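Student: Before I ask anything, let me first share the structure, which is written out below as structure tokens.
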Amino acid sequence: MRYLTAGESHGKQLTTIIEGLPARMPLTIDDINQSLLRRQKGHGRGKRMQIEKDLAEVTSGVRHGYTLGSPVTLVIHNDDFKHWKDIMGEASLEEDKKIRRTVSRPRPGHADLNGALKYGHRDMRNVLERSSARETAARVAAGAVAKTLLKQLGIEISGYVKEIAGIVAEDSPSLTMKERQDMSESSPVRTLDKQVEQPMMDAIDKAKKDGDSIGGVVEVCVEGMPAGVGSYVHYDRKLDSRIAGSVVSINAFKGVEFGLGFEAARRNGSQVHDEIAWSEEKGYYRKTNRLGGFEGGMTTGMPIVVKGVMKPIPTLYKPLQSVDIDSKEAFNASIERSDSCAVPAASVVMEHVVAFEIAKAVLEQFPFDQFPNLAEAINDYREEIRCF
Ligand code: EPS
């Protein structure tokens, strides 16, 4: 299974095409729209989210509530496009820079300058329109379909905020999947720790007041994966490495940790590895989950626990020094609107990006054209490894 997205931030629409889904899988538009609306929320979002109401339209691959096995196309219209019709239209436009809203001043930390150098764009709007995190809406749409597939196979996933601007949420290993999903949903900053909710919101409000932005850490937890998905035999079949790559591909994400993560470097091996046990009911399991659900590029059957770190959004009200590419003069970069903190929304994005990688790995290991056959094969495999 694979997907492509297309669309500019202020263009007409975002498009997602998913190819390789099995046929006969139940899929409703509500499954997708719920995810899209979740991504729009969160304390710290800017004015753009008041303009958009992200709702997907399915234009291919689904009929009467089931997938057909053909590519699934999802379209999300940009409501803001009505303000940008001429600027973003495909028709040629006068050379008037004001009308075109030409951008010649690269923002530090953004793709603007590197993208301009690479593609030769003198107008950096041609770069920023596609490099914008608006594209994450299209990725969430793809992930929502993956999540629907996984859920029907007994695999559930949840994303939530662990840290904002150095304020750290307590670990909550005893919470059930449902509790994680419900608690993050009811929190304005999508954290599971009520104690840090207000301090996190205060930090966001302060950043906004100061014209600055703040980043954080998000965590995704996946339960219900059988052991042995992924592979140790080759670098590009290791599922943890694929997840790591996809997480760092999310706009503004800079790093990934599984389980203990970097803390493993500071501990002895006996305090890092998870002891193996067996019971008639569960089969093999680990007494702890310090490695976050992976050994040798494969799932262990324990929950997958993966963190991603997001840098503060580089579009700042507070000016940073940069250089105009036309005049070559130094100037102070400043902007019209931005999100002061998109970490809560990013937890939804990461949840969906991880879901897609996991669903893709499941389909690689159980390559069935029909969803009922896939569901049966996974259940058979679960029983096989329980009795191993
Ligand atoms: C973004 C800048 C802002 C954000 C946008 C990402 O958009 P605008 O330039 O229109 O104000 O709101 O995020 C989204 C539109 C979204 O859907 O998440 C950027 O520069 O990356």
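Glycine is treated like the rest: Cβ placed from N, Cα and C.
Copied straight from TrEMBL:
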- R39, R45: NADP(+) binding site (BINDING)
- R130, S131, S132, N251, A252, G296, K311, P312, I313, P314, T315, R337: FMN binding site (BINDING)
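Surface or core, plus neighbours and distances: that's what I need for these features.
Tutor: On its own chain, R45 (NADP(+) binding site) has D339, A342, A345 as residues at least 6 apart in sequence with a Cβ closer than 8 Å to its own Cβ.
Counting only same-chain residues six or more apart in sequence, the Cβ atoms lying under 8 angstroms from the Cβ of K311 (FMN binding site) belong to G109, G215, A252, F253, K254.
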Student: Near ligand 1, meaning Cβ under 6 Å from any of its atoms: which of the binding-site residues R39, K311, I313 fit that description?
Tutor: none
Student: Among S132, T315, all listed as binding-site residues, which has the most CB atoms within 10 Å of its CB?
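Tutor: When each Cβ's neighbours within 10 Å are tallied, T315 leads.
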Student: What does the structure give for the C-alpha distance between R39 (NADP(+) binding site) and S132 (FMN binding site)? Integer Å is fine.
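Tutor: Their Cα atoms are separated by 15 Å.
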Student: Can you tell which of the binding-site residues (A252, I313) has the fewest other C-beta atoms within 10 angstroms of its C-beta?
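Tutor: So among A252, I313, the binding-site residues given, the one with the fewest Cβ atoms within 10 Å is A252.
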Student: Return the single residue from the binding-site residues list (R39, R130) that has the minimum number of other CB atoms within 10 Å.
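Tutor: Taking R39, R130 as the binding-site residues, the minimal 10 Å Cβ count falls on R130.
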Student: When DSSP is mapped onto helix/strand/coil, what comes out for A252 (FMN binding site)?
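Tutor: The three-state answer is coil.
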